[in-house]
Every structure is written in C-alpha cells, then in structure tokens.
There are 2 protein chains.
Amino acid sequence: MKKPLILITNDDGITAPGLRALVDFMKELGDVVVVAPDSPQSGMGHAITIDNLLYSKKMILDLDDDENTEEYSCSGTPADCVKLALQEILDRKPDLCVSGINHGSNSSINVIYSGTMSAAIEAGIEGIPAIGFSLCDYTWEANFTHAKAQIQQIVREALENGIPPGVVLNVNIPKLETKEFKGIKICRQARANWKEKFDKRISPSGKEYYWLTGEFELLDKGEDTDEWALANGFISVVPTQFDLTAHHAIQTINNWKLN
Amino acid sequence: MKKPLILITNDDGITAPGLRALVDFMKELGDVVVVAPDSPQSGMGHAITIDNLLYSKKMILDLDDDENTEEYSCSGTPADCVKLALQEILDRKPDLCVSGINHGSNSSINVIYSGTMSAAIEAGIEGIPAIGFSLCDYTWEANFTHAKAQIQQIVREALENGIPPGVVLNVNIPKLETKEFKGIKICRQARANWKEKFDKRISPSGKEYYWLTGEFELLDKGEDTDEWALANGFISVVPTQFDLTAHHAIQTINNWKLN
C-alpha cells in the first residue's frame, strides 16, 4: 500500500526544534515533504506575499533523511509555503498537511494571529485535510517528544477518517510530562483577548518607538473551551473554520434601515 | 450632544485615496482619528509585529483637517495600528472603527488574507463596533465617492443600533456608478478559492524566484452570498466573526478514537 504523503510546514522556520520533532514523528507515518519558512514568521497571521518575490531552496537538514523525506525552505510566509508546495513542489496532492509544532500556544484568540494555523487553514482552503500543532512552551528548548504518541494518534485518525470539508484542526498541547496528560479533548475556542501594553522607548538617535507587549486575558469560564482543557491537563483540539460568516447575525443586520 | 469618535485605518497606507475618501465621509458623522500604516500592507492578514519595533508619527495630510480630525502613521501592520490607537493614541474608547476603503475586493475567501478586515477584526476583538469597507476596483484612481451615501448609511445604522458582540461587518462595493447600485444586501461569505499560479523567473545573478499570482475561483452558486450580490449590482455586507470554532464539527471529531 502506498504511504500517505504528508506536507509539513510551520511559522518558526525550518530549523525550529518543534518542526524537527514533527518531521521525526511524521516519518513513521508516511512520506514527508517539508516546505517551511527560511526565517521565523511568528504572528504573521494569514499574510501572503503579493508585492515581493519568493525564493525556495532544497535543503538537507537531517542526515537521517531517507528518500521518503524531502525538505525545502521558502522566503515567504507560512501561507506562501503551502501555496508554493501545492503548486510547484509536490507532484501529487498531499493526504495531509501538518503545521508546527509551534513554540507557544495558539489556543483561543491566538488562532487569529497564528502563522502556524494560517498554514493549516491555507491547506484546508485548498481542500487538504490539515492540522496545526502547538506546544504551550515558548522556549527553543521546549520538550516536544512528550506528546509524540498523542500527535501520532491524532494524525492517524485524521488520515483514517478524513476531516470534514471546510474544517481544520487546531491542536494545543499543555506543557506537561507524558504521564501527566489527562487525555485529548475536542473543544471550542475560548473567548479571550490580549490586553496590550506598549513599551515606549527612545532610540539612540532620539526617536520614540514602541514594543508591542501584552497580557493574555481569558474572558470565558466555559468548561468546553480549549483554555479550560489546557489548564486541566488535556490536549485541546478545536475544529476551526474559514467561513467567517456570523450566520446568527444575518437576521439582526437585516433589520437595519438599509436600502 | 457629543459627536461619536470614529477610528479610521486601512491596509493600503495612510496616503491611499480610499482612506482619504473614508476620512472625508466620516468627518461629516463624527470626530475622526486616523491611525494607518505608513506604507502599503496588502495581504498582511492578521499579522502583528512581535519581533520588531513600531514607529508612530503625527501627520498633517489634509489642510482642511479641523480640530475634529487627527492623523497618525504607524510603521506596523493594520492590526498593530488598531492596537496602538486604542492603547496609546486615543484618550477615550472609539464608538466605531472603520477600515478602508480598500482598493480591491475583500469578499468571500479574500477576507482571510485581508489587512483591511484584520484591522476591523482587531477592533472587534477589543470590543469596538467595526466595519471594513472595500471597493472592487484595484486601481489607485478608483472612484470611491459613488458609494458615499451607502457607506454613510451603513455607518449611521451601526452607530445607532450597535453591532452584535463578536461580529464585525465586511462591506464590499461593486465597481458601479451610483445610480447603478441595486441596494445593500446582507450576505454570507461565498465559498471560493484562489487557483495559484507561480510565475517562475531568473534573477540577474542567476537565482530562481517566484511571483505569486492566481485566479479567483468561485465554488458557490448560492444567491445569498457576497459574490452573488456583487455580481448583481448590490453592496454586500457579511457579518463576520472571530470565533473560528466549527461548532458543527465537534460532534464528528468526538467520534474519533482519541484517549
């Protein structure tokens, strides 16, 4: 039987430990092609490169890579990587696209800013089953192997059952030891917000500038949310969609006086 | 009575004719503060600036600006502009945030890539009623005044009725003369896709590079969509949300064998 073809990308860049771990996990499940940014692209949301050119380069990053693994870097955003992979690099449609493992959470409102999830969503838009994986640990030294079994299990189920059309999975993994995981929970996106704080400084030449910083503010006490799951030791899986229509609001706005 | 405070931003940059038109229209309805990118930011999706600094500068772009209009440029993305405006520039919460008028459509799947809509969505996340406006004409010389009455009408209704929490309006305007507009239609986001084509070239130094190009592919025959409305002479209004949960898929994924 033909092995499934798995496209891997991320937003932390092709050399990020989280991606290297995901490549290792996926090699055991299928043929792997990596097309990932050549530099970090965190917080890029669903940006695409319109007014600039894209470079792509074949890479050899892992001497263990066999003929079932190919890797390419791309100078663009995560969404660009997926577009380039599907149109220019792959010779057949992948069976699955996985993005990550992100260094840091993409739960709740973070999904909106996430380059990791934008890559998965881009694949979903193009009709490829897709999953974004994120570990709630921002450090470069984060331990990604604790959740290997669960990540492989989610991927196996996605390959076996498919993912409903128009839906992309957003998987977040709490920062825990393997034996501390309580399980995997299907959730909704928690309502949350970032309370921005701008750190205002003066440059050596006397110009004012700002750093964007902020504090995460959970606005949701539901026990069916990804934030609740993560806080309680579960791996969260949020089915996520790119039809942004607020169908419930159509009727309300229809009552406005518009002609 | 106090005039409403309207925050204006866009993704084409503070000097774009579409923004200048929107400033003119909004001045008649309230006090206006512009915080917009200092350079074009199209296709930026919901990118934010995490690993770089932000500059902001007070501008005088319109000699007609009176004390009810202030303008600031920002070196960041559209979402950065909104964050900076709300935290650092404005001294009170705005009554409304409008983004645009974008030079080009943000209907159907384009909402995902849209810097214009990401700014409006960012305002929505922060609890500000928000509307993104786009004209289906990519040219710099596009005529934005044809839809002045309709844009003002939508804004007046939003100020009067509010917009449901968690919802942001995505307004697209067909490229038509005023008298040709059929009306304003509340719609859902059409299912659509971009069929990418990469234009591969060789740089003067012999390196391969790509330009991302593509063709819009409508996959939806519904007559309740924004694409249908625009094709039939209507201004489309899609209530858009930032809770991306595919609630209908939670049950399906719950049947997977995950522990």
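Numbering starts at 1 and runs along the chain as it is shown here.
Each residue, glycine too, has its Cβ placed from N, Cα and C.
Those TrEMBL annotations? Automatic predictions, nothing curated.
Lifted from TrEMBL, the feature list:
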DOMAIN    A:6-196  domain 'Survival protein SurE-like phosphatase/nucleotidase'
BINDING   A:ASP11, A:ASP12, A:SER42, A:ASN102  divalent metal cation binding site
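Among the binding-site residues A:ASP11, A:ASP12, A:SER42, A:ASN102, the ones with a Cβ under 8 Å from a Cβ of chain B are A:SER42. In this structure, A:ASN102 (divalent metal cation binding site) is part of a beta strand by DSSP. Fewest other C-beta atoms within 10 angstroms, among the binding-site residues A:SER42, A:ASN102, are seen around A:SER42. Listed in chain order, the extra residues whose Cβ falls within 8 Å of the Cβ center of the divalent metal cation site residues A:ASP11, A:ASP12, A:SER42, A:ASN102 are A:ASN10, A:GLY13, A:ALA16, A:GLY18, A:PRO40, A:GLN41, A:PRO78, A:GLY100, A:HIS103, A:GLY104, A:SER114, A:GLY115, A:THR116. In three-state terms derived from DSSP, A:ASP12 (divalent metal cation binding site) belongs to neither a helical nor a strand segment and is classed as coil.
Confidence annotation: the domain 'Survival protein SurE-like phosphatase/nucleotidase' (A:6-196) carries a mean pLDDT of 93 in the model.
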